[in-house]
Amino acid sequence: MICHNQQSSQRPTIKTCPGETNCYKKRWRDHRGTIIERGCGCPSVKKGVGIYCCKTDKCNR
């Protein structure tokens with residue numbers, strides 16, 4: 001699996017994730033504004049955090 005791997009303030013990067021079958025994109029708000037995080041897997045999240053999980057390469061753009 002190949003996923004986008006970054007946080008809002010970072011430049012976009014790509015990561016190869018051996019053994020993973022999902023990529024994710026999390027989104028939440030705090031005092032800095034809307035924060036977006038991308039990576040490998042499909043983690044559980046706290047209440048108030050939106051998550052999108054997908055199963056194809058680079059699908060979490």
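A Cβ is built for glycine as well, from the same backbone N, Cα and C atoms used for every other residue.
Here the candidates are Cys23, Cys40, and Swiss-Prot names Cys40 as the disulfide partner of Cys17.
Looking up Cys23 in Swiss-Prot gives a disulphide bond to a cysteine among Cys3, Cys53, identified as Cys3. In this structure, the CA atom of Cys59 (disulfide bond) is 7 Å away from the CA atom of Cys23 (disulfide bond). Under the DSSP three-state reduction, Cys54 (disulfide bond) is assigned to strand.
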